[in-house]
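Visitor: Taken from Swiss-Prot, the feature active site, nucleophile covers Glu120, and the record attributes it to similarity to another entry. Under the heading Mg(2+) binding site, Swiss-Prot lists Thr44, Asn46, citing similarity to another entry as support. The region 'Disordered' annotation in Swiss-Prot covers 1-27.
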Amino acid sequence: MRPDGPRDPVAGPDSGPEPPYPVRLSGPVIKGFGRGSKELGIPTANIPAEGLAEYPDLQVGVYYGVVALDPAKFQYQEDQGEGSTSSTGGAGAGAGAAILPAVLSIGYNPFYKNKTKSIEIHIMPPLSSPSPTAEGAGEVKFHKLPDFYGTQLKLLILGYIRPEYDYVSLEALIEDIRVDCEVARKSLQRPAYACYIDGDEKECSDAVREQRRWLVNF
């Protein structure tokens, strides 16, 4: 069960990711258990878990990082009027992959007692957009994108947030995921992490630039 008490507002050192991070994972977006949107109202993009074989010491739990989707199949667009997003299939001429913040779980989800390990990624809105999961923001509506099954997704895991927990209720699970989103968002807003999303190429380290190139190269 989740321990009582307040959560830390950020995860990971302020100086930036430390080994083993960043962790690279990629694969086509596949159908998951079908619970994220239907039961929880939290859309997730699942990718095959086979890539975890390269990281045998990576523990189950909740993580944060950044993702990119193949722009040839999914073109990200931001609706400036509502602070929400939409997409259209197929990238326009010269369009590149957008790098977006993400929170994800790796494991078995004790609340649902899954038998197989999964990678479930919730893609969040850009850090420059209002947070739909901020406390006091009114009704919580998790960020939602149109379906993009089959689209190649690349993921850089930049840090670890917490272990997996079981919960006394569905509402308690949803609330902890809301907090996970806020912890991920605040963690990624720190300069040493934000550079993975939209850092000035001249200001980023060579290591960060190399990771960004991998992320958007489809």
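Cβ coordinates are placed from backbone N, Cα and C, and glycine is handled just like the others.
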Visitor: Cα-Cα separation of Asn46 (Mg(2+) binding site) and Glu120 (active site, nucleophile), in Å?
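Guide: Asn46 (Mg(2+) binding site) to Glu120 (active site, nucleophile), Cα-Cα distance: 5 Å.
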Visitor: What does the structure give for the C-alpha distance between Thr44 (Mg(2+) binding site) and Glu120 (active site, nucleophile)? Integer Å is fine.
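Guide: About 6 Å separates the two Cα atoms.
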Visitor: How does the region 'Disordered' (1-27) divide up by DSSP, counting helix, then strand, then coil residues?
Guide: 0 helix, 5 strand, 22 coil
